[in-house]
Amino acid sequence: LRRSIMSAQEQQQAQPPMPAASEAAELDAANGYEAVVPHWFYCKVTDSRERWLPFSTQDSERLEEAHGSGRDKEDLVVPTSGGRYDVHLKKRQRVAVYWEEEVSEVRRCTWFYKGDKDNKYIPYSETFSEELEEAYMIAVTLDEWKKKLESPSREVIILHNPKLMVHYHPVATSDDWGSTPTEQGRPRTVKRGVENIAAEIPNGEPLQIDHLVFVVHGIGPACDIRFRSIIQCVNDFRNVSLSMLQAHFKKAQEQQQIGRVEFLPVNWHSSLHSTGVDVDLERITLPSINRLRHFINDTILDVFFYNSSTYCQTIVDTVASEMNRLHQLFLQRNPLFKGGVSIAGHSLGSLILFDLLTNQKAAPEEDEHSEEGSRITSSNRGIEEVKEMLKKLELSEYCDVFEKEKMDRQALFLCTEKNLKEMGIPLGPRMKILHYISSKMEMQVCLLHGLCSSRSHRIALRQGPAFTTYDQPANYPQLNYKPTIFFAFGSPIGMFLTVRGVKRINPNYSLPTCKGFFNIFHPFDPVAYRIEPMIVPDLEFEPMLLPHHKGRKRMHLELKEGLTRMSVDLKNNLLGSLRVAWQSFTRAPLPAVEGASTEAEAEAEAGAEKQPETKPEETPAAVKEEASLINVGRLNGGNRIDYVLQEKPIESFNEYLFALQGHLCYWESEDTVLLVLKEIYQTQGITLDQPLPGSQ
């Protein structure tokens with residue numbers, strides 16, 4: 001099977017030849033007949049409704065090329081849709097590569113008829129399309145129309161002329177009244193060729209992939225207001241990214257510096273609810289308000305599952321293993337891929353990823369071929385750490401004993417009093433070492449898992465996993481790669497850290513294996529919380545405002561700021577004028593008017609000097625520049641972390657009405673996608689065609 005798969009690199013090098021139908025058209029031009037150009041479609045079933053969707057032009061050409069080569073008799077597999085789906089030509093099936101999905105039927109389409117319900121055109125079967133094409137060719141060549149064909153299901157098609165072809169459905173199985181088949185049912189339009197049915201054919205995707213992003217969903221199986229799955233939402237996110245690349249990275253595309261970014265969904269909800277917990281919940285769920293209770297069991301309870309030690313382990317194992325599996329499969333199918341990998345999480349998914357990243361090893365093995373050397377280096381480093389610890393405890397004379405036993409930091413933290421006694425360590429030094437181990441384990445459990453110590457009020461997150469025998473929420477698995485950037489959409493990370501007892505994040509803390517972290521949220525999102533105030537608690541400042549993807553602030557926000565600035569100016573000018581007028585009236589005699597006016601001007605000038613202190617709105621650019629220069633620590637490499645979207649004009653009328661929409665808006669948000677692309681390509685030295693105003 002692997003031999004028959006056409007790799008993306010082979011597709012990139014291969015020049016698709018002219019379709020066989022075009023060659024036939026040239027031969028038949030003298031007779032006035034031109035062979036139809038086929039286009040490939042696949043059938044998508046949604047809620048028991050079938051929809052036939054066209055492949056992109058480049059995918060259809062690849063499929064037609066493989067079909068024309070005669071190799072469709074074999075089990076030939078052609079990658080389509082950017083390599084996310086494989087088409088098995090012999091079986092005429094479209095199969096998802098990276099996730100579970102129903103297999104779709106594939107057709108080589110030339111003739112179509114209009115359906116009943118949504119007026120969408122439906123392709124005929126390939127066999128019947130060949131019969132129609134043969135009848136059409138004879139009619140055109142001999143100029144003999146009024147051709148009548150009957151399909152195997154007794155459906156009648158009449159070719160009146162090249163522009164009028166009609167399809168009749170039978171309304172009954174018998175003609176009791178002696179009516180002819182053409183009089184039965186409502187006639188439907190028949191079209192020949194995809195160019196005559198106004199189908200929206202996708203543009204296709206660049207074959208070159210520059211970066212890979214895994215996207216983890218939040219609570220429940222539905223990810224947006226239309227109750228769509230994570231697969232459908234990530235499809236939207238990917239489509240928006242392609243349009244943003246064309247709009248804002250056009251120069252880099254023309255110079256062939258970039259291709260595209262691939263986004264792959266990571267689903268953990270189905271694995272969690274396949275453990276049998278739904279059956280247990282069903283037994284204890286009350287029968288009243290059934291739909292609401294079912295919704296709560298399927299969505300809201302995911303938060304409680306994650307706070308459970310049993311199901312938390314299931315969730316983190318599923319997320320980590322799924323991302324590792326997808327990464328390995330992606331590399332197998334794209335062996336020339338040299339780009340980086342980033343991760344993104346929505347809602348609870350961002351918290352899962354944050355916990356995974358905080359528990360990654362700070363120095364994982366870079367190369368599997370040097371794994372042994374890395375292990376030796378890590379072990380030596382651990383032994384040196386133990387020696388330093390013994391020096392701090394004034395127990396340097398026992399360094400040789402620990403080195404002889406190859407005792408590194410991890411092994412030391414697993415030691416019991418019995419182990420130390422067997423090593424020949426006296427009682428006094430044993431007590432010192434055990435006290436040191438217990439205090440360090442308590443601190444690490446507190447820092448890494450949010451179990452707040454009663455003696456600590458300023459908790460600084462630390463790097464590296466905790467080697468402890470205490471009952472931890474989960475044993476966090478390791479990822480097979482180092483993520484470049486971590487994007488959090490509508491994230492409750494800040495709230496969960498606070499609930500766990502974390503008062504402050506150390507400014508020197510950074511994720512062990514990921515140097516980039518962006519917290520992106522909608523201003524009305526009820527689930528989203530900020531991160532920066534936990535790093536800089538003594539300073540009040542606004543999050544970074546995400547610039548609009550069209551290069552300016554939304555008009556209603558500009559109008560709002562303008563009116564605010566105008567009202568402040570009018571207020572201050574009015575007060576200044578009234579003050580001058582009042583002072584001029586209260587001054588005595590006429591000869592002193594000149595001196596009074598001079599004093600009044602001086603006071604007005606003094607008031608004007610004090611004015612900037614009371615109206616900071618007059619210098620928004622300076623305030624924004626100062627806010628962008630705030631030091632928010634190393635969590636995002638010294639750059640800002642919190643980014644807020646601009647609400648739409650209609651959303652500003654009622655914050656509560658659009659709160660739910662605010663939490664589910666990220667999948668189709670051009671501003672969010674553009675920030676993700678900008679930060680990803682910035683790591684490769686590629687910038688936007690024109691910098692957006694207000695961007696960092």
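Cβ atoms here come from the backbone N, Cα and C positions, even for glycine.
TrEMBL lists region 'Disordered' at one of the ranges 53-82, 173-202, 353-382, 593-622, namely 593-622. Check TrEMBL against the ranges 1-20, 141-160, 541-560 and you find region 'Disordered' recorded for 1-20. Mean pLDDT for the domain 'WWE' (26-108) in the predicted structure: 87. For the domain 'WWE' (26-108), DSSP puts the residue distribution at 23 helix, 31 strand, 29 coil.
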